[in-house]
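Student: Annotated transmembrane segment per TrEMBL: A:12-38, A:58-82, A:94-112, A:139-159, A:180-211, A:217-235, A:242-261, A:281-303, in sequence order.
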Amino acid sequence: MEQIVFALLNGVIYGLLLFMVSAGLTLIFGMMGVLNFSHASFYMVGAYLAYTLQPLTGFWAAIVLAPLLVAGLGICVERFVLRRVHAFGHAHELLVTFGLSVVIAEVIKMFYGNFPVDYAVPSGLNFSAFALGGMEYPFYRLFMGGVALVMFAALYLMLTRTRVGIVVRAAIYRPRMVEALGHNVPLVFMSIFGIGAFLAGLAGAIAGAFYTTNPNMALELGVVVFVVVVVGGLGSMEGAMLASIVIGVMNSLAVGVNVSLADVLGRVGLGDWARDTGGVLSLQLSSLAATLPFFLMLLVLLVRPSGLLGEKE
Amino acid sequence: MLKTAMCCSALAIVWAGAVQAEPLQVALVETLSGPQASTGLLYRTAVQYEIDRINAAGGFRGEPVKLVEYDSQGGPVGAADRVKAAIADGARVILQGSSSSVAGQISEDVRKFNLRNKGKEVLYLNLGGEALELTGDKCNFYTIRTSPNAAIRFQTLTRGMKEMGLMGDKVYSINQNYSWGVDVQSIIEANAPKVGYKVVGETLHEVNKIQDFSPYVAQIQQSGADTVLTGNWSNDLLLLMKAASDARLKVRFGTAFLDQPGNIGNAGPVAEGNVMSAPFNPELNDKTRAFAEDYKAKTGHYPAYVEPYGVFGMELFAAALKTLDGQPGPVSADQLVLAIEKTGIETPVGPLRVRAADHQAEMSMVLQEVSKDALYKVDGTDYGFRPLKVYSGADSADPVQTTCQMKRPG
């Protein structure tokens, strides 16, 4: 019982972290139609900036300042790079952001080296929140989950309950009409990009201390984040939330399941044959845990190409 | 005018090439850029260090040995391509070490090339791919492994931990799901009755894809293990240790690659008391200290992780070259292989020689633990690796695998 509780909790919190990064990505895609390949790089930059600022300003100021700086970077990227490329279509935007992610990774390596830097959870936050069945649960994980939830609530309220949200949502569907009504659409887009970058930067600043801050962190998380956005439905905030949690929990539960296809075939008397054949048949589900999100993506794309909560094209 | 100048310089190069004797060309095929570059770059530093020493001592047959670097950009596919390019450019020796999967590819490529190009054979010096098949199933006359392998690592690790009283009764084995990790898992299983522990749980997981190890830690917790043995490297090791400490899991880790730069700095106090079996430790004796200082003077840092045995492998190569020096003309791969088989060297840690039967190197292994008492601190922390026990080459060696059917020329 405790094992299941822990597995669920682990999964939900990892899912919330995925959400923090994918929220910005899906927001930007929903608003601007730009699939931002460099989004996970903002996550990495957030972690490195927080690591750099921490000795100067302390942990709390660092995790506030770093995302703000990342938001500034995001705004510059939108204003001076993407806006110029926008006229040439989506393929060019995709290529530019892809190139940008490579450049960011190399610049990070130039300044911080090839190996993980020692950015760690401050000792004041490094205690266990509660213990259950002999296992202790780190407080910092709950903290990460809490930040993600607050962020989700704030975003959701902003988009659905404020005038800004109305303008933003209108600008997605009828940019020209919104412009004709006197709103500055490029400014709206730039702000959205900044907010998306801020969210990724915040996730990086917080998660970088818990996991590791290394030059590959963008790549490691980036792929999963794309899967989340596709499964949830491109552009859908609620979809991203749902998909993040599903993928997080699925990952966490699968690790504990030592079942292979051979065991399943054993039910119909083919177990020995399957074990002798080996290969895929004797592969245990637990060793596939990190691959499951991709199976899920495949399944969703086959059955419901617009994603779990995506709008029908 | 410019055209003439270019023409002349081109002619000059051709002419210069014609009169000079051909220098021995050595190709380093490693991942030098992109996400997996960190290990490849360390091999480059180690190889460059030794090549500089060879050339400072007069090179080979009157010419400096020429080191050319090829960036394989990660996987076996890129490496296969670069090996072809290297051979076409005139390389007679291929060096690589950072991955068993790439090592398997290069070993096969070199074997095939040598079959088809009699008289132009090339030698592949495997500086660090540690999967067993490379000196078992896939063993090959022209492939020589100068690093330890999975068996050497984990036999010395498990035995050493037991002898030092650091091994618990219940062991959890968690490894990466590819040739190296699978080998490690089977050795941990095989050694259980010999050394005296019980494997209470096993996991194979994807390589460097997992961000969140807490579900795996929950599995370890559930199994009741007190010792975790893992061949994991890079992020997979670091994240595993961090997740274990976050869950306040009281286990000791027995590892192979704990000394990768950044690991101790990142894991901090979590790493204390964890154990590693590796072919080097700087505080062992005067010679290891002298080597560490000299290496630092030349490269800016103490040798760590793959660097020491990268250098020792190249030292063996250099010693073999010396036995062939003084004769005219180019050297053949056959001569090189035979010379390496015959040549043994004395590294600062102990003797290093290559077995003729399967081309696996035998070397001393050092059991060491992360401790504040270590002489050489790492990553700017208070911690370093303190040697616990040294196993001589004969003591650490594993028997030649029966699957190795090496075809020798002639």
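Note: Cβ is positioned from N, Cα and C throughout, glycine not excepted.
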Student: Should anything in the same chain at least six residues away from the transmembrane segment (A:281-303) have a Cβ under 8 Å from its Cβ atoms, list it; otherwise answer none.
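Tutor: Tertiary neighbours of the transmembrane segment (A:281-303) are 224, 227-228, 230-231, 246-247, 250-251, 254-262, 265, 274-275.
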Student: Taking residues 6+ outside the transmembrane segment (A:12-38), which of them lie with a CB under 8 Å of any CB in it?
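Tutor: Those are 77, 82, 90, 93-94, 97-98, 100-101, 104, 141-142, 144-145, 147-149, 151-152, 155, 168, 171-172, 188-189, 192-193, 195-200, 202-204, 206-207, 221-222, 224-226, 228-229, 232, 234-237, 239-241, 243-249, 251-252, in sequence order.
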Student: May I ask which of the stretches A:58-82, A:94-112, A:180-211, A:217-235, A:242-261 has the most CB pairs under 8 A with the transmembrane segment (A:139-159)?
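Tutor: Stretch with maximum Cβ contacts: A:180-211.
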Student: Please figure out which one of A:94-112, A:180-211, A:217-235 racks up the most CB pairs under 8 Å against the transmembrane segment (A:58-82).
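Tutor: Answer is A:180-211, with the largest number of Cβ pairs below 8 Å.
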